[in-house]
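Notes to accompany the following structure.
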Amino acid sequence: MCFSFPGRRRGAHIAGAFRRRRCTVSMQRLLLPSLKAFTGSRSVGLLVHRAASRVQCGCSFGSRHPLRPGQYGTVTEVALQSGKAAVPLPSKAAEQAVGRWLLVCSGAVAGAVILGGVTRLTESGLSMVDWHLIKEMKPPTSQEEWEAEFQKYQQFPEFKILNHDMTLAEFKFIWYMEYSHRMWGRAVGLAYILPAAYFWRKGWLSRGMKGRVLALCGLVCFQGLLGWYMVKSGLEEKPESYDIPRVSQYRLAAHLGSALVLYCASLWTSLSLLLPQHKLPETRQLLWLRRFAGGTAGLVFLTALSGAFVAGLDAGLVYNSFPKMGDTWIPEDLLTFSPILKNVFENPTMVQFDHRLLGITSVTAITVLYFLSRRIPLPRRTKMAAVTLLALAYAQVTLGISTLLMYVPTPLAATHQSGSLALLSGALWLMNELRRVPK
């Protein structure tokens, strides 16, 4: 025979509820002051009450019950959901989203650099003789509009000296080349600014990442202004000179250099967010390898930047032979300008000589870097980065020599310029693989 005691059951139930209530009050007293100081939200008390309700005192301590919608079980979740004044912490998924965004942005910057190179090779950069942020987004549509645009171009030195017999159809081609480059640049700006505002509002950017994203957005705006500043140098009248009108090689190098900095910063940040970091043993050999990889990447950057002076001065058409420059290793007109330092930036012979020297030094450094990496036990992905960098280096040297020997054909020269970005990307990838794990 079984006996039931409703009074005992009810008493036990009341005692259990009392113990849970005491536990809830204890958690509120413990968590509420710190959470209020952290978030400043009046709704923290309710959330702590819901969080505390998960803890079961007595014999049922540690048992888990499914949460109902609106309940939060950890302090982090309470902080994340406690109101507008909360400071959300970006999750791993948010970091992956930001990393993929910056990877797409770096690809867009690479496209702008390549398109800008083609615009320079086809001598199209001076076809649009004014700059308007919004107005010029609409191209000419009628015959009258095209005639008016062509007449504006005819007032500047490039038409008067170089293209005085150009037809309207030929003008449309170079105009559309420059137009495409400018519109691509605007698209790059939007690709940075709009997602940055979205991620900022969603709370997916850490404090350090906010500063970096602001710097990237500022740099992309500065890059557009610098592009117009460069174009203006080619539109200026120079009565004492009858040379082919071209933009200043200094401004061209500044324009390319800022684009490369933007590309490198975006790619490095995206790789740091997307690729899991290796926990490599901090040995002396690894330290030297890391430093050598950083120096090699800097050398690759400098070589790519020197290409802007080659393009700006048409220095690729001076000596079209390799390995010698003409019949000698060191040409006689290497130091014809005075003062001597002026030859480095304004003498086409010296500019080509420097670019050759930097290219050979870069591929030598990358070869040494590869063999050094083989002497250290490295993860498979890091070894793949080293092999990729070596292959890209020799492919880039082959493209450069071929471009020189064939008198700089546009398709080959554009491929060579694209190869410099690929090589720089490989160097950044290897550097990222070797980076130190923060403690």
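Cβ coordinates come from backbone N, Cα and C, glycine included.
Automatic, uncurated: that is what TrEMBL annotation is.
Counting only same-chain residues 6+ beyond the ends of the transmembrane segment (101-121), those with a CB under 8 A from a CB of the stretch are 177-178, 180-181, 184-185, 187-188, 191-192, 195, 199, 216, 220, 252, 255-256, 259-260, 262-263, 266-267, 269-271, 273-274, 311, 408, 410, 413-414, 417-418, 421. According to TrEMBL, the feature transmembrane segment maps to 101-121 (among others).
The transmembrane segment annotation in TrEMBL covers 183-201 (among others).
The annotation transmembrane segment is assigned in TrEMBL to 213-231 (among others).
What TrEMBL records for 251-275 (among others) is transmembrane segment.
Annotation source TrEMBL lists transmembrane segment at 296-319 (among others). Within the same chain, residues 117, 120-121, 244, 246-250, 252-253, 255-257, 260, 264, 325-326, 331, 345-346, 348-349, 351-352, 354-355, 358-359, 361-362, 365-366, 369, 403-404, 407-408, 413, 417, 420-421, 423-424, 427-428, 430-431 sit at least 6 positions outside the transmembrane segment (296-319) and bring their C-beta atoms closer than 8 Å to a C-beta of that stretch.
Tertiary proximity for the transmembrane segment (355-372) is limited to same-chain residues at least six positions away from its ends with a CB under 8 Å from its CB atoms, namely 288-289, 292-293, 295-296, 299-300, 302-303, 306-307, 309-310, 315, 325, 386-387, 389-390, 393-394, 396-397, 400, 423, 427, 430. Summarising the annotation, TrEMBL assigns transmembrane segment to 355-372 (among others).
Per TrEMBL, the feature transmembrane segment maps to 384-408 (among others).
Scored on C-beta pairs under 8 angstroms, the neighbour of the transmembrane segment (213-231) with the top count among 183-201, 251-275, 384-408 is 251-275. Using a Cβ-Cβ cut-off under 8 Å and counting only residues 6 or more beyond its ends in the same chain, the transmembrane segment (183-201) has close neighbours at 94, 97-98, 101, 104-105, 108-109, 111-112, 115, 137, 210, 213, 216-217, 220-221, 223-224, 227.
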